[in-house]
Amino acid sequence: IISPPVCGNELLEVGEECDCGTPENCQNXCCDAATCKLKSGSQCGHXDCCEQCKFTKSGTECRASMSECDPAEHCTGQSXXCXXDVFHKNGQPCLDNYGYCYNGNCPIMYHAQCYALFGADVYEAEDSCFKDNQKGNYYGYCRKENXXXXXCXXXDVKCGRLYCKDNSPKQNNPCKMFYSNDDEHKGNVLPGTKCE
């Protein structure tokens, strides 16, 4: 059962141009609370590209860039809504060729992924640590297939479990790994990482 639209419930429903609540409570200068239609001369009532009841000027940024792979979006000047969030194509080089774009991010090995798991003084381990990913067991693998660990090919050893070097005085662990019983993928190299 679909209930009919109700003007004044602060929900934008079919047939309404705006809905700012009851006439007593409406705080939107662009909207006629009694009819849920825009007032005369108003182009819009709300949204990221609506300012003082008019569409925001074309080219005005409405969504900031979150990374090199996620460009900022801008108002079109023809709509109250911000343009759809788009990313650079997956596989496009980023961060001076250290990584590839993947779903709007630029995941790289180096310090960032180890830091996120373990904190300061932890860096990407030596290449020799990653060779364990060829074993295809609980400690080293590339991916899971039917709950079984599948080994990495020699060329892909840096695409599986993430090995970090802990330089802190108490640890001094050259091949540190992260284990999680809640998330079996946590502790793996992030998807999309340039793992050469």
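Each Cβ is built from the backbone N, Cα and C atoms, and glycine gets one as well.
Positions annotated as domain 'Disintegrin' by Swiss-Prot, on the basis of sequence analysis: 4-90.
Under the heading Ca(2+) 1 binding site, Swiss-Prot lists VAL6, ASN9, LEU11, GLU13, GLU16, ASP19, citing similarity to another entry as support. Applying an 8 A CB threshold to same-chain residues 6+ apart, the list for VAL6 (Ca(2+) 1 binding site) reads GLU13.
Applying an 8 A CB threshold to same-chain residues 6+ apart, the list for CYS26 (disulfide bond) reads CYS20, ALA33. CYS26 (disulfide bond) carries neither a helix nor a strand DSSP state and counts as coil. Summarising the annotation, Swiss-Prot assigns disulfide bond to CYS7-CYS26 (among others) and lists sequence analysis as the type of evidence.
Positions annotated as disulfide bond by Swiss-Prot, on the basis of sequence analysis: CYS20-CYS26 (among others).
Taken from Swiss-Prot, the feature disulfide bond applies to CYS30-CYS53 (among others). Listed in sequence order, UNK29, CYS30, LEU38, LYS39, GLY41, SER42, GLN43, CYS44, GLY45 are the same-chain residues six or more apart from CYS53 (disulfide bond) with CB atoms under 8 A from its CB.
DSSP classifies CYS44 (disulfide bond) as coil under the three-state reduction. Per Swiss-Prot, the feature disulfide bond maps to CYS44-CYS50 (among others); the stated evidence is sequence analysis.
Look at CYS75 (disulfide bond): DSSP puts it in coil. Note: CYS75 (disulfide bond) has non-local neighbours ASP48, CYS49, PHE55, THR56, LYS57, SER58, GLY59, THR60, GLU61, CYS62, CYS82, UNK83, i.e. same-chain residues 6+ apart with C-beta under 8 A of its own C-beta. The disulfide bond annotation in Swiss-Prot covers CYS49-CYS75 (among others) and is backed by sequence analysis.
Among the features that Swiss-Prot reports, disulfide bond is placed at CYS62-CYS82 (among others).
Sequence annotations record features per position, and here Swiss-Prot assigns disulfide bond to CYS69-CYS94 (among others). For CYS69 (disulfide bond), the same-chain residues that are 6 or more apart in sequence and have a Cβ closer than 8 Å to its Cβ are PHE87, HIS88, GLN92, CYS94, CYS101, TYR102, GLY104, ASN105, CYS106. A coil conformation is recorded for CYS69 (disulfide bond) in the three-state DSSP classification, outside any helix or strand.
Annotation comment: Swiss-Prot describes CYS69-CYS101 (among others) as disulfide bond, evidence class sequence analysis.
Counting only same-chain residues six or more apart in sequence, the Cβ atoms lying under 8 angstroms from the Cβ of ASP70 (Ca(2+) 2 binding site) belong to ASP85, PHE87, HIS88, GLY104, ASN105. Summarising the annotation, Swiss-Prot assigns Ca(2+) 2 binding site to ASP70, PRO71, GLU73, ASP85, VAL86 and lists similarity to another entry as the type of evidence.
Taken from Swiss-Prot, the feature disulfide bond applies to CYS94-CYS106 (among others), supported by sequence analysis.
The feature disulfide bond is assigned by Swiss-Prot to CYS114-CYS164 (among others), with sequence analysis given as support. CYS114 (disulfide bond) falls within a helical segment according to DSSP. In sequence order, VAL122, TYR123, GLU124, LEU162, CYS164, LYS165 are the residues of the chain that are 6 or more apart from CYS114 (disulfide bond) and have a CB within less than 8 Å of its CB.
Using a 10 Å Cβ-Cβ cutoff, CYS175 (disulfide bond) registers 17 neighbours. CYS175 (disulfide bond) falls within a strand segment according to DSSP. The feature disulfide bond is assigned by Swiss-Prot to CYS129-CYS175 (among others), with sequence analysis given as support.
Sequence annotations record features per position, and here Swiss-Prot assigns disulfide bond to CYS152-CYS159 (among others). According to its DSSP assignment, CYS152 (disulfide bond) is coil.
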Of the recorded positions CYS7, PRO71, GLU73, which sits closest to CYS175 (disulfide bond) by Cα distance?
PRO71
For the recorded Ca(2+) 2 site, enumerate neighbouring residues of the same chain (Cβ within 8 Å of the Cβ centroid of ASP70, PRO71, GLU73, ASP85, VAL86, site residues themselves excluded), in sequence order.
ARG63, SER65, ALA72, UNK83, UNK84, PHE87, GLY104
Using the structure shown, find which entry in LEU11, CYS129, CYS164 (the recorded positions) has the sparsest Cβ neighbourhood within 10 Å.
LEU11
Using the CB centroid of VAL6, ASN9, LEU11, GLU13, GLU16, ASP19 as the Ca(2+) 1 site centre, which other residues of the same chain sit with their CB within 8 A?
PRO5, CYS7, GLY8, GLU10, LEU12, CYS36
For VAL86 (Ca(2+) 2 binding site): DSSP state (helix, strand, coil)
coil
Taking only the recorded positions CYS7, ASN9, LEU11, CYS129, CYS159, which one has a CA atom nearest to the CA atom of PRO71 (Ca(2+) 2 binding site)?
CYS159
